[in-house]
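These notes are about the structure you will find just below.
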Number of protein chains: 4
Amino acid sequence: MCGIFGIIGHPEASNLAYLGLHALQHRGQESAGIVSSNGDALRFHREMGLVADIFTAPTLEKLVGSAAIGHVRYSTAGGSQLKNAQPLCVEYADGQMSVAHNGNLVNAQELRQQLVAEGAIFQSDADTEIIIHLIARSRQPTFEKKVTEALSKVKGAFSLLFLTHNQLVAVRDPYGFRPLVLGRLRNSYVLASETTALDLIEAEFIREIEAGEMVVIDEQGLRTSQPFAPTRLGRCIFEQVYFAKPDSVLFGMSVYEARKELGRQLAREQPAAGADLVIAVPDSGVPAAIGFSQVSGIPYDVGLIRSHYVGRTFIEPQQSIRHFGVKLKLSAVRQVLKGKRVVVVDDSIVRGTTSRKIVKMLKAAGALEVHLRISSPPTAWPCYYGIDTPSRQELIASSHTTEEIARYVTADSLGYLSQEGLGAAVGDRERNTFCTACFSGKYLTGDLTAQAASPQHTNPGITLLSTPEELPGKQLLA
Amino acid sequence: MCGIFGIIGHPEASNLAYLGLHALQHRGQESAGIVSSNGDALRFHREMGLVADIFTAPTLEKLVGSAAIGHVRYSTAGGSQLKNAQPLCVEYADGQMSVAHNGNLVNAQELRQQLVAEGAIFQSDADTEIIIHLIARSRQPTFEKKVTEALSKVKGAFSLLFLTHNQLVAVRDPYGFRPLVLGRLRNSYVLASETTALDLIEAEFIREIEAGEMVVIDEQGLRTSQPFAPTRLGRCIFEQVYFAKPDSVLFGMSVYEARKELGRQLAREQPAAGADLVIAVPDSGVPAAIGFSQVSGIPYDVGLIRSHYVGRTFIEPQQSIRHFGVKLKLSAVRQVLKGKRVVVVDDSIVRGTTSRKIVKMLKAAGALEVHLRISSPPTAWPCYYGIDTPSRQELIASSHTTEEIARYVTADSLGYLSQEGLGAAVGDRERNTFCTACFSGKYLTGDLTAQAASPQHTNPGITLLSTPEELPGKQLLA
Amino acid sequence: MCGIFGIIGHPEASNLAYLGLHALQHRGQESAGIVSSNGDALRFHREMGLVADIFTAPTLEKLVGSAAIGHVRYSTAGGSQLKNAQPLCVEYADGQMSVAHNGNLVNAQELRQQLVAEGAIFQSDADTEIIIHLIARSRQPTFEKKVTEALSKVKGAFSLLFLTHNQLVAVRDPYGFRPLVLGRLRNSYVLASETTALDLIEAEFIREIEAGEMVVIDEQGLRTSQPFAPTRLGRCIFEQVYFAKPDSVLFGMSVYEARKELGRQLAREQPAAGADLVIAVPDSGVPAAIGFSQVSGIPYDVGLIRSHYVGRTFIEPQQSIRHFGVKLKLSAVRQVLKGKRVVVVDDSIVRGTTSRKIVKMLKAAGALEVHLRISSPPTAWPCYYGIDTPSRQELIASSHTTEEIARYVTADSLGYLSQEGLGAAVGDRERNTFCTACFSGKYLTGDLTAQAASPQHTNPGITLLSTPEELPGKQLLA
Amino acid sequence: MCGIFGIIGHPEASNLAYLGLHALQHRGQESAGIVSSNGDALRFHREMGLVADIFTAPTLEKLVGSAAIGHVRYSTAGGSQLKNAQPLCVEYADGQMSVAHNGNLVNAQELRQQLVAEGAIFQSDADTEIIIHLIARSRQPTFEKKVTEALSKVKGAFSLLFLTHNQLVAVRDPYGFRPLVLGRLRNSYVLASETTALDLIEAEFIREIEAGEMVVIDEQGLRTSQPFAPTRLGRCIFEQVYFAKPDSVLFGMSVYEARKELGRQLAREQPAAGADLVIAVPDSGVPAAIGFSQVSGIPYDVGLIRSHYVGRTFIEPQQSIRHFGVKLKLSAVRQVLKGKRVVVVDDSIVRGTTSRKIVKMLKAAGALEVHLRISSPPTAWPCYYGIDTPSRQELIASSHTTEEIARYVTADSLGYLSQEGLGAAVGDRERNTFCTACFSGKYLTGDLTAQAASPQHTNPGITLLSTPEELPGKQLLA
């Protein structure tokens, strides 16, 4: 997953991009980058790591100019592999361009094959590089038209920010999978994945960029168009359930309030009569747990404490010390839990291993009963639109019933929110404005269920990887 | 502030010390260190930084042996200055010794002057180095007796762990200012500042080390003594209010439950009739806010979100971007707050500047009224026993009434918990087993109020500083 | 300037590339990289810095496979700017390819413009990227034929090593500007810029790759061809004068012996009758100084000591401490120089500033007279074939007579080797097998003297720069 | 081995110390440090590594004040162990003091035992820490007298610089083992191990600090005394043979000229009739090789090239690639050596392994015969006065005849300079002003030959080590 930020018309563009990326850090912790333009030329800096570690005062000072775009990128699950950071910056026929991309293309593989057949060379495995090649090859007269032509060939999820020496262009795919919002800070325009970035820099929220909309900002001001064929909406429901920051307003809704409503609906569908208290798996489960408590009348309390010092580089414990993963992050509050029948609310179950550890930790801390309640339906299908889910084989709900999962995680009961309840809670009872593929298997860009079932690919976009350290070939490497 | 951990009798002593220090990381983020003994010799590693960043697998592998002690140290407020890490390790007449210290001595300056007059040389500004000199000069026949003689000369707060080649010694000062607990992991003994460290490594909690107790563990097993003159208890109330981790059991009480009770008592003393919701300043204010909600009946909700990516090295924003300190850490949830009369619960007010920013942030997010409730009495006196408080001059409550403070922080109302209420909430209605000097000015080791009022020293222990980079002299440096 | 190394058919290919690059480190200190192939896929690692600092055992272990190519790159003079490291690695229609390039193209700018007009995108400023695009666009059926077609379009200096998953291809331009030699280590073939790299790994020297030759090595063995139109030779005379390592055999001659012969010839042309001793500017002037001593009969001695600790990152000295550049590198031996008439031999004069400092240092150390002798003709023209010379404006000999230069450097006399003497010394009396453009202005690839005279470009290959940190545009940046 | 530098009375004291230490870098590459005083207080910075890497502009800016001392320390042979950097800085009864020490004490162990018996604690294994303790315990009224009293108790080699807030004190032991010179830079006094440091900063050389002399410099100016009992001189002959930088003037003699004279004497004692050329093992063998050539009439040439990029962290080559140690540093010039009878001059033979590799390399490059000539007598005894020699067991000359050594190193002949010749060459025919213990076993501070013969200690000064990472005990560690 990724977060993007752009600003044009502000003398401290790169400083603001830095702050904006910090606010979007939850959308990607693997790498970050900023490109700036001073009207003549682009400058950039990108590195692996967190925003606060990557950028120093001297680095930001070099990123001169009144326009900038930035990008944060997610660390993939098993990931000791490095992935290329964004924004990408290239030289092409009309000068320089850079791009920051949130989302994932589903026809990347075939486009890439066409391009290389025509002589294109690729230096990364990012599907974003495909978009750049398509723009560079377009014969259209203007940058906007080149972008339009290029994007009309790609399929999938894209919220994009382009920066050239004199233009900032923002585009959102016709389904509107990934969010993108427009704001204003005095005389400058600001674009960001989420409103929380606007709030941090005290920019005013104007509106969402609409699905399928292209916005161009330059010295003439802002102009908008809808250059793509219209289609139904497919806004990512998982952004509401888990991914976005709770203080953001997403797809017109408060994330925090939406999650609380998920918890309320969950309490209606999956009550836990006789339980003594409701706790959350912090921090993401907190709003739904509070909502659950409100509807059920079961008191909310804090049964798990989240460490502020969760290091991603924690050393693997030795032989005699195992299964510390969750314990390094969460501690149980024994006196709250002891002798109690506890409802624990989490946002989702992926492989089930973490839930199992949490349930065991709660029981070890004295909980008499643990009733696990999940504020979304079973996650049974991989996402091909930008969320880093594991393969279908690894998703426990793809091959196990709720009862089997309950037994595996050792919970006394397990209740998921229904798909209908999910739709109702986010105000889309028909579920026709959201993409719910991870719960339903209904992939809006065409049937991908066969691919999802294949053990080889979790992500249809790219099969040829190239990273700074490794360029694996067509066959698996020894 | 600091955290200490020790273990003896376990083949993976330094690995466990590493995990234990991670669990105590909230007690000190400036530096960390571990010393191990393999029965013959001590080895150590210490650095500036977080536990997870300092120790690598190769480093831990070098710390061989079945006994280890470790230390984490707090970063002082303005602190670009480096302070010496612990444990200290030295060579003396009987071989090698190392020590990890939590607390602060109040007669350090005079002891240091005596020692240097006798020819001692000092390489750090840590009062802990005084203890080492006193031990090295003792003519007593055994290490235990040397330690006893040395500690009978010092005044103040000390929870100490000593490691020699064949002994682990734990001592707590007669007042019991700082916590220290004893646990067992199979055949090994474990000592830690807080029970949360025992929980992480799945060690069994045996009991607290008593105030004034010395415990010696070696091949003969564990033996205990009370070598100091008895005195009244002075357990640090601020550990309960703010410092300890909520899942710990401290001074026989659950920290989480104690804080919830502080919130309940606060609701009785300082109600906020007519308020729409209770929120916490996360994370430390959460238990008291829940307690306040329980007694007042005002619903608890989440109005402030804490960032997981608060970097201590965040770049100072430029001219036009100011006062980001709090905003980088906390975000307001607009939809929760909008149009509401909000009770916000925090654990304490130090200078008032942070509270002021929080109140303004809440109002900017739409709160109609903000009623600030503090789950402890006004912090009016500096701590000389180990908590890093600023000087009395900087403590807003030392020179301002509650009304003045309310006006400064722009709250619609402000209520502190009373000292009586505080005592009642922690089960010490007479307040004669806790040190409450930061609220009452009653310093148990003798009157320090004059010193506290002096603008020059916040900490009477040491005036001569020596750090890796700076050895300031008797006069202020240009 | 750069150095390249390749090996195929050895189980420790990347380890040997590492050693080979270390031996070629004098050809480039800015960055280094290695690409390996295990038959299926390429892996690479490249970084800024010295070979010994960049590669660690774990890094080399990841570079699996029995074939590898490597590259070291020169740090440009004023250079705080980062330049892209090589080898380049890309994905194209036929899979993966990588390339290491020593030399410089003179028609890079027009080729680049054509390519971008056709939709190519560039991510670096290296002219090498042009070669890759030309290969990727070629419709020829095999890699060899694609490379041939691509290189038939470029003009200038290139010694190239290509590595694909199953082939190592070595090519030298028809003029043979830059060296490239072939060796054998047991069953593996080795290619390197200089024989010193063969010597280090104890590989046997077979022969030079001929000017205009292409060698392809794969499972079928080695095959050779001469795919380009033949032309006269233009081997770089400056490699013999200064650049190559003295223990190498270059263009069929011992570098050390060639330089000694330059000194002998210099003594014949520019004697220094009455001088007391001959010293060298170490280390590059040593062989010529010895040759000068042999012919002139003036004793050779050591008057300047070279520091082993010349740091490229030495802090700029403050106000009162200036002009340390040369003194940090060289120290004068007072007792050798005192009261003596000294001949000091250097290989060339570029701007004159260093020579001036050296002459002054010698006089300050007591030399009565300093007679500067240069073992090459005046350097009056910039190199466009790979040597990093400053612009013509900065070359003191482009606008000053020998007498003027002597006066500037404060030498009692100054003598350059003649162009005829240079030719004679390297066995090419007609000077028709060497490129001597830096001395003569005779550019073999067409008249570049106008360009050389222009104040704007020192290097006609590229005007659009793009480095990791900076993408300057068509106009100068503010 | 170590180098020391001091300056007082200059506004850029720490900048000049930085340059001075760079000039003395050959005396120690393991660590470096600088202490400055601004009249009130000391500040310091020290780290592992080279001077140019350790100190940055911001670091030097913090070292304010017009007085400074600095230290560079040698990396011991096998040394992955860290040793404590100097200058040491401590707080004692009279304030702050710091010290930089070149040399080694021979009664360190017994002094240390006495001190720890009296309650002293040690934090390093440096014998220098003993001196500090002795000063701190002195009851003398002034710093000078304290230093005098302290140093009257120690035996061995010491050239010392002390810096307090207002005084710079320089002392050299009565034997004068290690050099120390005094210079002037405008109104400031400068002290340094060698004159090369004065030359770099353009300070004027005044004179050597005499053996047994103490110089005190403060606001009253410079005063000198001879506080110790006089004894015979014992200036280190190995400084002349190998250690000092050739451009220095040492003990009243030019190092370069002395080494050339060693070569001349060697040619007289150990001619190599019929040889074709004389080469040196660069760089240290060069002056003697030139002297040898002058006397013998055999032409001097360059047969071995020294790499400028010898990394101390070079990765251990793998299985099939061995014995690269010398080849990474030296390359043979085949065309110079081929078919020649070669005299190769080196300064000394320690273990013999390097000489063996060099002889083999020369023969592999085509030398017909290799005649090894050593410009000093056989090194048969370890140094206890500051040079890092291996134990007597490892010194090949301690247990092998010259013939045996010649056979081991595979030389056609081997000739050492005689002890008489050595004395004559350095102007001390009686050898009663130099320490020649490493050649003669005559230890001036008392008989240490028994110790030298013991396999356990190479250095009698210290047996209890304590380094940042390791505090080994009385028994060997598992």
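From the backbone N, Cα and C atoms, a Cβ is placed for every residue, glycine too.
Just so it is clear, the model here is predicted, and its values are computed rather than measured.
So that you can see what the record holds, here are the features copied from TrEMBL:
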type     : residues                               : note
ACT_SITE : D:CYS2                                 : active site, nucleophile
BINDING  : D:CYS236, D:CYS383, D:CYS435, D:CYS438 : [4Fe-4S] cluster binding site
BINDING  : D:SER284, D:ASP346, D:ASP347           : Mg(2+) binding site
DOMAIN   : D:2-220                                : domain 'Glutamine amidotransferase type-2'
REGION   : D:453-478                              : region 'Disordered'
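Locations of recorded TrEMBL features on the structure.
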residue  : record                        : DSSP class
D:CYS2   : active site, nucleophile      : strand
D:CYS236 : [4Fe-4S] cluster binding site : strand
D:SER284 : Mg(2+) binding site           : coil
D:ASP346 : Mg(2+) binding site           : strand
D:CYS383 : [4Fe-4S] cluster binding site : coil
D:CYS435 : [4Fe-4S] cluster binding site : strand
Any further residue of that chain within 8 Å (Cβ to the Cβ centroid of D:SER284, D:ASP346, D:ASP347) of the recorded Mg(2+) site: D:VAL241, D:TYR242, D:ALA280, D:VAL281, D:GLY285, D:ALA288, D:VAL345, D:SER348, D:ILE374, D:SER375
Cβ-Cβ neighbours of D:CYS2 (active site, nucleophile) (radius 10 Å): 24
Residues flanking the [4Fe-4S] cluster site, with Cβ no more than 8 Å from the Cβ centroid of D:CYS236, D:CYS383, D:CYS435, D:CYS438 and excluding those residues themselves: D:PHE177, D:ILE237, D:PHE238, D:TYR385, D:GLY386, D:ILE387, D:THR436, D:ALA437
Distance, D:CYS236 ([4Fe-4S] cluster binding site) to D:ASP346 (Mg(2+) binding site) (CA atoms, angstrom): 19
Rounded inter-Cα distance in Å - D:CYS2 (active site, nucleophile), D:CYS435 ([4Fe-4S] cluster binding site): 18
Rounded Cα-Cα span from D:SER284 (Mg(2+) binding site) to D:CYS435 ([4Fe-4S] cluster binding site), Å: 21
Residue pair D:CYS236 ([4Fe-4S] cluster binding site), D:ASP347 (Mg(2+) binding site) - Cα distance, angstrom, rounded: 15
Fewest other Cβ within 10 angstroms of its own Cβ, chosen from the binding-site residues D:CYS383, D:CYS435: D:CYS383
Local confidence of the prediction over the domain 'Glutamine amidotransferase type-2' (D:2-220), expressed as mean pLDDT: 92
Proximal but sequence-remote residues of the same chain as D:ASP347 (Mg(2+) binding site) (Cβ under 8 Å, at least 6 apart): D:VAL241, D:TYR242, D:ARG259, D:VAL281, D:SER284, D:GLY285, D:ALA288, D:ILE374, D:SER375, D:SER376
Candidates D:CYS236, D:ASP346: member of the binding-site residues with the richest Cβ shell (10 Å): D:CYS236
Greatest C-beta neighbour count within 10 angstroms, which of the binding-site residues D:SER284, D:CYS438: D:CYS438
